[in-house]
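Structure record follows, encoded as structure tokens.
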Amino acid sequence: MAPRITLLSCCRAMPKKDDGAKKPASETVPDQRWKLQVFYLCFYGFMTQIRPGESFITPYLLGPDQNFTKAEVTNVITPVLSYSYMAVLVPIFLLTDYLRYKPVLVLQSLSHISIWLLLVLGTSVLAMQLMEFFYGITMAARIAYSSYIFSLVAPSRYQRMASYSRSSVLMGVFTSSVLGQLCVTLGSVSFLTLNYVSLGFVSFGLILTLFLERPRRSLFFNRPGGAGDGAASTELDRMAEGDGRGGARGWRDAVLCRMLREVGALARQPQLRLWSLWWIFNSAGYYLMLYYAHILWNEISPTTDNRRVYNGGVDAASTLLGAVASFAAGYMKIRWTLWSELVIGVVTAFQAGLLLLMNSTTNIWLCYVAYVLFRGSYQFLVPIAIFQIATSLSKELCALVFGVNTFFGTVLKTIITVIVADERGLGLSVHPQFYMYFGYFTLLAVVYLLAAVGVGIRHSRRRQPAELALAKEPCQRPVEIPAQEKSPEAGTV
């Protein structure tokens, strides 16, 4: 099970400075205090990712310690992860904001402890299904960490804090994977012992969680007082003013409903619609590949020597490549309104080819390389999608758009799981499943490339009359490309 990282932090836009306005409360906090709080939270984010046994859960379940069959792991145990994630995603999203982050982080730490206790003590299929249920809770609760840090600092520091929090998590995932691989390969540590080590780390993470300061404000339900705070007016505040001076509960319900309707209206924007659909459809296939890749590796190379299991090293390499690819995407300078469909289509076709290679090869190292490239290509498009979706939205609308996209992607992933993987559906083994995923990505690539052809034809038809007009009026100024169409560097997310 490879770690997944939430992206809600992208929703915090950098506001313009207003020298005449009173500074928000977070600006008046002594510099040393907020710096210590941010440092502690980043340290917490790093330490909670140190779970060296996570990359080796699948070989542990299939090995002599647990001795489950591949059919049980593939068709009975693993599907529960998709179901539990979908079931708890919306409640945890709302509770995170309503309870102001810390209680949800405590719940996440308790769920981590439950996971590793079930792994070291549980012996039945039901126990492993319960383990997957708690794993779904930890995935949904990652939103609490990604948004918590913004309650500690002023809006002028949002962008820098987002980079700090994400970097600390990536470093934790990388360190955890490398540590687990070194323990297995060089130290000949058993998977069971590695699970005990992971249990120790997540227990320490719970202690760190208890010392986190609970913020006084949050994005939706716990907003600061408008008159005394002096912070800039937000989308939520402006909508609240339009609803009159009714009770807090009444305007809150009305505002959230109006924001959801506005999200529906935003779907008419071509770029936002395109990248939201990419987020929904491609993320569903991406996470299904992640859930079942380790089972595929065990099918290709069913070794009994733990020292020859390199899951941790592969996860570390894919995390590193994903970080590099995300960084490189920020330097792409193309006209996205014209080339988005083509870029998405080419990358999706490349991913389809990698899935076919992973499923058809008998060389485990070739399968590893294809897995790393697949994850890197997906992470390459993530920051571009974030920019294209979030660049023209307020942070409240941005949070709702990404929340809606994630929810629909999770629903689609669950539907595919029920049909393809669950024993109550087709109950396919891992190789036929990957052929299904290959067909899924191939279909997506064809749709994206056909859309790119359509965009090219429309662009050429619009260009011909413009060229004729320019030929008649040679002194006419050329049309400038809007800043948001040039590059992800053109704006601040």
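The chain as shown is numbered from 1 upward.
Each Cβ is built from the backbone N, Cα and C atoms, and glycine gets one as well.
Taken from TrEMBL, the feature transmembrane segment covers 76-95, 104-127, 167-187, 193-212, 277-297, 309-331, 338-357, 363-387, 399-422, 434-457.
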If you count CB pairs under 8 A between the transmembrane segment (363-387) and each of 76-95, 277-297, 399-422, the winner is 277-297
Are the transmembrane segment (434-457) and the transmembrane segment (167-187) near each other by the rule of at least 3 C-beta pairs under 8 angstroms (pairs 6 or more apart)? no
Where, among 309-331, 338-357, 399-422, do we find the most CB pairs under 8 A to the transmembrane segment (277-297)? 399-422
Lying 6 or more residues past either end of the transmembrane segment (104-127) yet within Cβ distance under 8 Å of it, the residues of that chain are 48, 51, 53, 57, 60, 66, 68, 72, 76-77, 92, 95-96, 134-135, 137-138, 141-145, 148, 192, 195-196, 198-199, 202-203, 205-206, 209-210, 212
How about long-range neighbours of the transmembrane segment (309-331): same chain, 6 or more residues beyond its ends, C-beta under 8 Å? 2-3, 52, 55-56, 58-59, 170, 173-174, 177-182, 184-185, 294, 297, 303, 368, 371-373, 375-384, 487-489
